[in-house]
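First up is the structure itself, then whatever we jot down about it.
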Amino acid sequence: MSNILKGKRGLIMGVANDRSIAWGIAKAMHEAGAELAFTYQGEAFGKRLQPLAASVGSDFMVDVDVTDDASLDSAFAALAARWPTIDFVVHAVAFSDKSELTGRFINTSRANFKNSMDISAYSFIEVARRAYPLMQENGGTLLTLTYQGSTRVVPNYNVMGVAKAALESATRYLANDLGRDGIRVNAISPGPMKTLAGAAIGGARKTYKFTDQNAPLGSNATLEAVGGTAVYLASDAGAFTTGEIIRVDGGFHVLGMPQQENL
Ligand code: NAD
């Protein structure tokens, strides 16, 4: 897919370290010829991001807390000042209080419900509203990351499943709303991956192992595979795909039961 994104540029939100899904996507997009800008959450993450961004030829990094309108405004103002148009935004941001990513769903608190929804679902709408004026001339692609805990019950995923259901619905509404501007809106749904956010979910190791052992392709997804899907969606090859939730989970979602040898 070399150069399939040549001439395109965009914003990657959510690189915490080199295991982040956003980083897998950034690397694949860079290899496909795209120019990248990054957001990070606070100084400590900024320090970790700096060498990674440099390794893909980018010195364009902005501090953003997606719950803070002013920080989103200044990030998109900085983006518009440097690049009058962009072609894609990758939203790979989620958060929920770790104490509620374990145990019974019924104990979800109002405060953490609101915060999880705000960061993990609503922020995609805030990002889309600021990104679309920069895409109106040439069209563009908005991408977010979801997980099958949105539609099926996964142990300990709890309130994050509800937030992902909202995010997937927002993806469809945004796809319809922005289609008239030539902007496509899609979500990638990877299987479980070993990241900072992934590790916050109770029993993450067991979920990872179970998926690995039972997925039809016999393995969990890789950062490269998720990155490749993002490249396709942001490229002209994805020109007529919008409002879609694309699974990159080795086929795990088709199962009704574990593989026979694991029963
Ligand atoms: P990660 O910890 O590497 O990335 C999560 C990012 O969210 C971090 O960069 C963090 O700084 C950012 N973030 C959290 N709160 C924020 C805020 N208020 N403002 C700005 N940024 C904020 O973990 P990841 O697994 O790469 O997560 C990326 C996306 O992929 C998330 O939406 C996650 O739900 C999704 N996802 C993860 C898995 C998995 O198993 N790890 C599977 C499917 C989907």
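Quick reminder: no glycine exception, Cβ is built from N, Cα and C everywhere.
What TrEMBL lists as NAD(+) binding site is GLY14, SER20, ILE21, GLN41, ASP65, VAL66, VAL93, LYS164. In this structure, SER20 (NAD(+) binding site) belongs to neither helix nor strand by DSSP; it is coil. For SER20 (NAD(+) binding site), the count of additional Cβ atoms within 10 Å of its Cβ stands at 24 [all protein chains shown].
Residues or ranges marked as active site, proton acceptor by TrEMBL: TYR147 (among others). According to DSSP, TYR147 (active site, proton acceptor) is assigned to coil rather than to any helix or strand.
If you look up TrEMBL, you'll see TYR157 (among others) marked as active site, proton acceptor. For the recorded site, TYR157 (active site, proton acceptor), the DSSP three-state label reads coil.
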Under a threshold of 6 Å between Cβ and any atom of ligand 1, which of the recorded positions ILE21, GLN41, TYR157, LYS164 are retained?
ILE21, GLN41
Between TYR157 (active site, proton acceptor) and VAL66 (NAD(+) binding site), how many Å separate their Cα atoms?
22
Between VAL93 (NAD(+) binding site) and TYR147 (active site, proton acceptor), what is the CA-CA distance rounded to a whole number of Å?
12
Neighbourhood of VAL66 (NAD(+) binding site) by C-beta distance under 8 A, where only residues 6 or more apart in the same chain count:
MET13, LEU72, VAL93, ASP118, ILE119, SER123, GLU126, VAL127
Taking the Cα atoms as reference points, how far is GLN41 (NAD(+) binding site) from TYR147 (active site, proton acceptor) in Å?
22
